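To keep things clear, I will list the structure first and then write my remarks on it.
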Amino acid sequence: MENLKYVLEMENISKEFPGVKALDDVQLKLKPGTVHALMGENGAGKSTLMKCLFGIYEKNSGKILLDGVEVNFKSTKEALENGVSMVHQELNQVLQRNVLDNIWLGRYPMKGFFVDEKKMYNDTINIFKDLDIKVDPRKKVADLPIAERQMIEIAKAVSYKSKVIVMDEPTSSLTEKEVDHLFRIIKKLKESGVGIIYISHKMEEIKMISDEITILRDGKWISTNDVSKISTEQIISMMVGRDLTERFPKKDNKAKEMILEVKNLTALNQPSIQDVSFELYKGEILGIAGLVGSKRTEIVETIFGMRPKKHGEIILNGKTVKNKSPEDAIKNGFALVTEERRSTGIFSMLDVAFNSVISNLDRYKNKFRLLKNKDIEKDTKWIVDSMRVKTPSYSTKIGSLSGGNQQKVIIGRWLLTEPEVLMLDEPTRGIDVLAKYEIYQLMIDLAKKDKGIIMISSEMPELLGVTDRILVMSNGRVAGIVKTSETNQEEIMELSAKYL
């Protein structure tokens, strides 16, 4: 590997904004046919570095070399035309057009004055065959699942004959099977000599797929290493600038009396959950595990009144409650932090203050239905202080905050409703290591205040590190409930497959 030249070299890159040095002498060198992980907390400079590569930001100093030749792209289009492409976490596609249009838009192969439909189709099929993508190129993109839409973006990058492909959190919305398929595609790209920059917060993935890793912190280059020669603990320590002796906080919450009992809960619209029963105790963190498609999310959405139930009982503090809508659920003492933070959790173009109080806006209106700004500011301050939200001001657009800080605002917003049961669906998806640790600590602190916490997670280490008990779902049914201290990954995986 050492004898290979670099396909991409970013040397001594610096970028300043008014009052902020976002990048300070950063370097990244990518070898052809390798996967190079780029890691760092949110705000470490990963996005800014990639924006300098793609010409979205103009760097203040430093050099970018592609195949040994200095380049200064002025736009993403210019980068693409020179073989540098990116598969974004938030897919940028024309949903109402078909797959062919999304790959070739703006550069259709022509035959005289007309688009050469046959060549376009055949070229697409050839790329799909090479990458083992089984998608009908004439299908509308809106009708495809997220995994297939992502494969199309990779195929588009290949159609540009890309030498360098940047993948930003590519597995954040994929099932295990889809992740395996993505990794097979990455292997094929490596074999064809493509260099891949892989941005992810998932340690297990990084260790599995990457050859080298570069770590940034506070806009500075910290380290570049062979992945095989660096431990997870060393990576975390370099990212956060101090030793996190444990990936998870000390658990000092204690389960007390029962707060919630769910009996034979069955959703109206099937296939969904069937006869789900469990108990939740004050001071307890109950994890919900299961494969994607096992109907974990459907449990909390049915409890929260987002889905109608066919039958079953929800008993809170000994009294049966009827949550026919989220409004009912909130009044009855439930809160739900949804899985899709960007689409259902935040209003990204609105400020932190508005996003802090939106769950209970009527509470902030006076008798003339005008907003009481002092009350909004007071509660926003409480959220920012108690959740340790990093934001320049309350009027900052929430979309400009890191994923971890957005998530803290959402959790804080729900705490203002004073829930007794807090349900969190994939609460740490797409956020960095330190922000994850802070959210784990927050959950433990809330449990210590006698809240009942339910957490759905696809990350096994997280479930084993934070919860007291784990309910395992399999095909809409409860396969088992186990004490976290007495179980392991193998038992949970076996239970997950029980009713398949």
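Glycine too: its Cβ is placed from the backbone N, Cα and C atoms.
What Swiss-Prot records for 8-243 is domain 'ABC transporter 1', and it gives sequence analysis as the kind of evidence.
Under the heading ATP binding site, Swiss-Prot lists Gly40, Glu41, Asn42, Gly43, Ala44, Gly45, Lys46, Ser47. The Cβ neighbour count for Ser47 (ATP binding site), using a 10 Å radius over every protein chain in view, is 18. Ser47 (ATP binding site) carries a helical DSSP state (H, G or I).
Residues or ranges marked as domain 'ABC transporter 2' by Swiss-Prot: 257-500.
What surrounds the ATP site, by Cβ distance within 8 Å of the Cβ centroid and not counting Gly40, Glu41, Asn42, Gly43, Ala44, Gly45, Lys46, Ser47, is the set Thr48, Leu216, Ser402, Asp432 from the same chain. Neighbours of Gly45 (ATP binding site), defined as other CB atoms within 10 A of its CB across all chains, total 24.
The most densely surrounded of the binding-site residues Glu41, Ala44, judged by C-beta neighbours within 10 angstroms, is Ala44.
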